[in-house]
Amino acid sequence: MLHGDITSSNDTIGVAVVNYKMPRLHTKAEVLDNARKIADMIVGMKTGLPGMDLVIFPEYSTHGIMYDSKEMYETASTVPGDETEIFAEACRKAKVWGVFSLTGERHEEHPKKAPYNTLILMNDKGEIVQKYRKIMPWVPIEGWYPGNCTYVSEGPKGLKISLIICDDGNYPEIWRDCAMKGAELIVRCQGYMYPAKDQQVIMAKAMAWANNVYVAVANASGFDGVYSYFGHSAIIGFDGRTLGECGEEDYGVQYAQLSKSLIRDARKNGQSQNHLFKLVHRGYTGLINSGDGDRGVAACPYDFYAKWVADPEGTREMVESFTRSTVGTEECPIEGIPNKKVAHR
């Protein structure tokens, strides 16, 4: 894990994250113009960072947030499509991989159903290697149709990469799912706004540590007329320590080199903090001392997860018993979100 240079090597993957200023767009033509702006930025960045193997842009960086529902549906993309072809040309020209946001991607039943919030991982030949749809849209505000699966793909120089989006990263389950599938770098693209800056910086570092995984966060900056975005795009080592972090500046870039051999060695030889290994070898020292084998306990001890898989509706009812039974709240109603009406006093 190296920070401060502009290079990379056969062992290290040069990763850049961008504080992209949140655009405010309304038409397909504006979206495509903005995609070309991103493409130009990629080529320029490669000139300044010759070791850059992977460049990552935030959630909403291509489309901005379409606060008008009609505009959101009209500008929803297909994958592949016009936007991805612009990015493909830039990746080929700069000879880099890229992670790009599409908000949204047309649903299979478009326009009857809401679009997806989608990320793509594209290789240096302009080919889409991974397409991920946001599993946890930021309700009640975001109206995206939820995805249902994480993926791991071989990225530049063989580094194993998973994509997640913004609010996904508030749930430890998704980080663990990616890491346990073999991800060595988890990319979190977000369009996160104030007031949650401190929490999001902490979350990314904690999840890197807990999952023995590199984390790259690309976040929006600026003000789009509705929200103020805090930036702080960052690259974090698998030991939970920050390698490089932007401030709030528009178009800020951070860059670091992520070693393949180092993370693989740590996962193979780490002991007291090898969280992935220890989770399925629980208490092996005590079992060895008790004559009960030398590999620890593999079974999951967490009742919630077993119940959730076996009985999702029953688990939902259990959670509603100590939270609430409607998606909305009567004390802070949001238009279109059902809630219990306050009784007449």
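Quick reminder: no glycine exception, Cβ is built from N, Cα and C everywhere.
Source: prediction; values computed, not measured.
Going by Swiss-Prot, these are the annotated features:
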- E59: active site, proton acceptor (ACT_SITE)
- K134: active site, proton donor (ACT_SITE)
- C166: active site, nucleophile (ACT_SITE)
- 13-260: domain 'CN hydrolase' (DOMAIN)
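Features as recorded by Swiss-Prot, highlighted on the structure.
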residue : record                       : CB count, 10 Å
E59     : active site, proton acceptor : 29
K134    : active site, proton donor    : 27
C166    : active site, nucleophile     : 25
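When the Cα atoms are compared, the residue listed as 'active site, proton acceptor' and the residue listed as 'active site, nucleophile' turn out to be 7 Å apart. In three-state terms derived from DSSP, the residue listed as 'active site, nucleophile' belongs to a helical segment. Comparing the residue listed as 'active site, nucleophile' with K134 (active site, proton donor), their Cα atoms are 8 Å apart once rounded. In this model, the domain 'CN hydrolase' (13-260) carries an average pLDDT of 99.
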